[in-house]
């Protein structure tokens, strides 16, 4: 046996052995309960840092634990391989996106394998493979057949750097692209959409089923879906047969409407605009058209508007009110128009003051005054005033009364509205899934026949930074015959949003190599839903919402028999590293070029800011996993990742802390190696009836470790405290004087079994050194002996006047009377109560005895 711990020797040895034995393969035995453990698959960007690997290690610990607990486990891996970076690399480096992508996949797989992840690589998928995207296209055709995919002209978010369209969810709060960081522009294009709004209510209500999800994620999704209950009201336009339709959650304020606002893009805008205002309105529309949606709706940005010269009639008051257009109203949202109630809406109040529009109070707090000019909008419920027949009604009741009158008079009706918009999936780039549609002058948009799938990406494409779809420029690929009538037709040249690929990949893994169907429903229904999903909080809305949507659609297509894809979700925190930045230039400096004791810019000598920030290439602070595994081994890297912080919290990467985990594993190595040398393979059964006091204490420590570790790993996965329990058990064994006892042998084996999910290589090596011929990976998770947890003695705290003065050992299970007697007779108590009158004794069984004596 190796006399010292040498991870660089034992880890490759056991990884090769496990691969040869096929221990990571997914079992076909359906007699065991299933457990599907899944990490969000990565985009193959080129290289990994330990921030990326944290979630794979977390998932692997769970997968290994569940195998030991008797489950058949599926833990697959794949690549979210389409996307703009590959195409941009093709432009910059003159290589094909496929070549760049597959090289990155190979590099990242090479980085992952030394970590000892128990991944079933036989199920590996890549979304850029025609074998996979054939079925992505097939799914799109199902959406098309169900009326859930459609085309329409739309004002879209245009990324001027990546030269493509972005979904609303891909634009941040500052109006910038989620990927390139470019300021997003508005552009009118004919686009493909998926009708996610058809599932808005179910996506919202089914959040209640997700008891294993963080509340934060569910709240983010609920807010994104944004259900509003209110009224649809119509305001007739003066001199026209048309009406301005609005949605409001405050129909009780309708008597306070003093203007209505249209989106500049609203089709009624040119109709209601007067000749006198046309020039100014056209100029305003042109200026607004250059702004992104986020710019237009930002709360901290002043709202701009202009009167059209048109008038509408408030049907409840009969009064004429002006029609304006404003930048903050978007045609894609709601009806594309809003009613202005400045007295009771903060934004309307500011807009009305800015543009000298009337402010009419129609809701007041109880005892309030409707005549006093408002200094700010009153937005709370109250009593209706200046509201005709509804005066004096509580506003909550008034809402229903107003809706009832609107329905009776034909002015409107009750309505539920959602913030969620249909999902725009068109992208004007090459490296994505071609949309399987052919445009025929006779037949319109014709789906590609299923027999002709996949519509493969052509390889002879020229890549340019000039924008537009590269596919559209390749006539040999674009020009085809219509599948219906045979006429000359053209392929759809847009590709799909890459979030389509990741919206169903988890359904493919149970049947990853099926070339006859998207998957065998029996296999997928057996393994799904995913029991534990692990990934970043940044995917709370996009990926997780879209995956839920796809699952529900495919259920309705009779392909699945479940409603939700992921039972439990763990959103791991970020891994942060020491980061250096020049505050004058804003440039980040690689730590390797900085003296940590005196951080200065190596070129200018300027002092640098030093702080912890999320690992990323742009900040030069990423630590590649091999930097750790080459020096300390995978088990140390895994333990540090798990021990430093709870999984949902951010983790600060510190080299000294990594060293601490390496020292712990060295202690385990020495402890087990010394025992193996003494035991020489001999086995001795623990005789619980004949244990000495110290053996009982040691056995209690062993079973406390089993209990605490099991509880830490059951539910919330508190890996950090579980590792702490292993350290406590290691210390108890090291301190024990019973090293020849069968109890000590039980403790050593228990330590290795509990350590296995965290540090499988060292556990396997030491298990073999103890004389075992079968892999520790196939052993059963230790079970708690409840009897062992019961102590013969407990520690009793002695207090005098509420102040702790010492402790004594007393028999467990002692009565209150016995505890008081033992405490009175103890040396600790006698020092304070001897010769004094004890006025009162407070006994807390199992914890303390407190004596109250005169001062």
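Heads up, the Cβ atoms here are built off N, Cα and C, so glycines get one too.
Which of 42-52, 53-63, 64-74, 75-85 counts as motif ''HIGH' region' depends on Swiss-Prot, and there it is 42-52.
Motif ''KMSKS' region' is the annotation Swiss-Prot gives to one range among 604-608, 609-613, 614-618, 619-623, and that range is 614-618. The stretch that Swiss-Prot tags with region 'Disordered', taken from the ranges 272-291, 292-311, 312-331, 332-351, is 292-311.
For residue 617 (ATP binding site), the same-chain residues 6+ apart in sequence whose C-beta sits under 8 angstroms from its C-beta are 45. Away from its own ends, the compositional bias 'Basic and acidic residues' (293-303) comes close to residues 157, 168, 171-176, 184, 186, 326-328, 330, 347, 350-351, 354 of its chain (Cβ-Cβ under 8 Å, at least six residues beyond either end).
Secondary structure of the compositional bias 'Basic and acidic residues' (293-303) per DSSP (helix as H, G, I; strand as E, B; remaining residues coil): 5 helix, 0 strand, 6 coil.
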